[in-house]
């Protein structure tokens with residue numbers, strides 16, 4: 001019993017399966033009760049009734065399953081999850097199960113059993129020992145699963161439940177505020193700082209040679225560029241009509257606009273005096289616009305078909 005980790009006052013759930021001997025089961029339960037101190041702290045449950053018994057969650061400090069040597073118990077995933085549910089946080093599980101050294105249906109390897117225990121939510125899964133399977137237990141296993149191999153052995157594994165309930169949650173204290181960091185500036189070497197310091201007195205010193213910025217330019221840099229050389233190549237083809245780009249930046253759009261305004265101004269009708277549009281007070285005696293209201297310069301005005309020819 002010492003290797004099971006039982007302690008006085010701890011509640012224990014003992015899971016058994018057929019064909020366990022009733023006398024062996026009773027003797028094993030009494031030995032457990034002697035360690036924990038009271039028979040009422042030990043509960044017995046048949047493996048086939050485990051999922052139907054509705055044990056209270058987190059009610060047992062230790063769960064022992066399949067430890068009777070005259071029986072062999074295959075733990076399903078549902079059974080392992082139920083065992084984890086009824087265990088208290090920090091509780092322990094000790095189970096024994098027949099395993100095979102090769103892949104086979106009905107019986108799994110020790111590695112797969114360990115993975116199944118972890119998937120049930122238990123941690124610290126450890127393989128304690130491996131021993132040969134008794135002939136009686138092997139016969140019962142063959143009858144139940146139909147396994148016919150000769151690589152069977154009995155493995156004992158221990159696991160524990162985390163110190164928190166499976167599915168429990170807690171509030172995390174996170175601070176997303178900007179941390180105040182104090183940066184310590186390195187001390188400057190006085191000699192280095194003095195070398196990089198320039199005062200007004202240094203500028204008046206005759207020993208200080210200043211570079212003339214104009215001396216850095218050559219004759220080509222001082223030439224004024226020809227405006228035609230600054231234009232882009234668009235519209236240079238004489239066979240095509242000049243057309244500025246949508247987002248013209250070379251000045252062709254402004255040039256075409258000025259040419260259009262000049263052509264429009266040249267096409268406007270001109271009078272001899274240039275005052276016809278101002279009204280009758282400024283028109284000549286033979287002006288064809290006599291009697292018509294004033295109009296804007298360049299505005300198209302239709303003359304009535306009168307006796308202009310007589311004038």
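Backbone N, Cα and C atoms are what each Cβ position is placed from, and that goes for glycine too.
Under the heading region 'N-terminal SAM-like domain', Swiss-Prot lists 6-170.
Mean predicted confidence for the region 'Fe-S binding site A' (234-250): the pLDDT average there is 69. If you look up Swiss-Prot, you'll see 234-250 marked as region 'Fe-S binding site A'.
Annotation source Swiss-Prot lists motif 'Cx2C motif 1' at 273-276, citing sequence analysis.
Remote same-chain residues near the region 'Fe-S binding site B' (273-287) are listed as 293-297, 299, 311 (criterion: CB distance under 8 Å, separation of at least six residues from the stretch ends). Marked as region 'Fe-S binding site B' by Swiss-Prot: 273-287.
Annotation source Swiss-Prot lists motif 'Cx2C motif 2' at 284-287.
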Worksheet entry | Residue counts (helix, strand, coil, in that order) that DSSP gives for the motif 'Cx2C motif 2' (284-287) | 0 helix, 0 strand, 4 coil
